[in-house]
């Protein structure tokens, strides 16, 4: 691995494709920019840790859910889809992007040149829209429990639609991504002989900007706004429900339960937004005016933003699985290579799973304090 983040080529400009989500050109002038070996080593350790945690965490989550028949509900089906897409991101995005950013050329062949950005874009789109479907399921469960509720069949149809949309929106990478030695043709240095770069060749800059702007809305701002609205409505409904029970419940118990629910809902939205915000800003700035970013700071800044976004592949299994007691219990069997036990009688209802208990204003007025406590506890388990 080359320790330099940029190649010094006298009187020539070399174009690279660095973005994992939005392909683009970057002209490197006659700058002598180096990343310290200590920095490269630190980044390599960080990327390695994220890859290991992302692959093992999502793989464990998928196996645990698929092994337990009683866990195959709407939310868990969507969680498996989310984990599978995150697994692809951890495998396809992290190692290839990290190596290519630090090297001065592409070494993975023409097929991977096209497949890498295509699979990355597909995986990211699937991950984000899986979060959207989970938000929709929660919204219907809490806001409209007596109305339409998604079942397993709806979940499978939704997943199929997501993958079709993801593949369709990612096709430009498959079409316009090219492997070429064009930037090195006029370079006389031996170090650049038989070297290739992988970048996109859109028909024009306007086509490229239109496409990357569409991805910006499709993969970040649109889903984020929708998810925020869903969780805000859920928060308002739960807060109103808690206020109706103020006089019938122990105040300490009510406060702790409300706090747990609110923290979980807030964490889900914040984790998604915070992880992807740096890379989104970087891509947007670079698309419209790459000269704003100093040449010598480009690689390091991109890797830090990219690494932050990839941390989301580790965060999701924690929020959507490992904070639940069922997964903590099953993980002990998973990592000890023991068989999973069937727990039909004592299996705790997984957080966020669909249940058929709802609370109306009439039932709140008529129910006893003991019954209310039980109903509210069941409702909390649905989140």
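Positions of Cβ are set from backbone N, Cα and C atoms, glycine also.
As recorded in Swiss-Prot:
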TOPO_DOM  1-44  topological domain 'Extracellular'
CARBOHYD  2  N-linked glycosylation site
CARBOHYD  11  N-linked glycosylation site
CARBOHYD  17  N-linked glycosylation site
TRANSMEM  45-65  transmembrane segment
TOPO_DOM  66-76  topological domain 'Cytoplasmic'
TRANSMEM  77-97  transmembrane segment
TOPO_DOM  98-116  topological domain 'Extracellular'
DISULFID  113-198  disulfide bond
TRANSMEM  117-137  transmembrane segment
TOPO_DOM  138-154  topological domain 'Cytoplasmic'
TRANSMEM  155-175  transmembrane segment
TOPO_DOM  176-211  topological domain 'Extracellular'
CARBOHYD  186  N-linked glycosylation site
TRANSMEM  212-232  transmembrane segment
TOPO_DOM  233-260  topological domain 'Cytoplasmic'
TRANSMEM  261-281  transmembrane segment
TOPO_DOM  282-299  topological domain 'Extracellular'
TRANSMEM  300-320  transmembrane segment
TOPO_DOM  321-383  topological domain 'Cytoplasmic'
LIPID     338  S-palmitoyl cysteine
MOD_RES   368  phosphoserine
Under a Cβ pair cut-off of under 8 Å, which of the recorded stretches 77-97, 212-232, 300-320 contacts the transmembrane segment (155-175) most often?
77-97
Would you identify the secondary structure of residue 113 (disulfide bond) according to DSSP, in three states?
helix
Taking DSSP states H, G and I as helix and E and B as strand, how many residues of the topological domain 'Extracellular' (282-299) are helix, strand and coil?
16 helix, 0 strand, 2 coil
Residue 198 (disulfide bond): secondary structure state under DSSP, collapsed to three categories:
strand
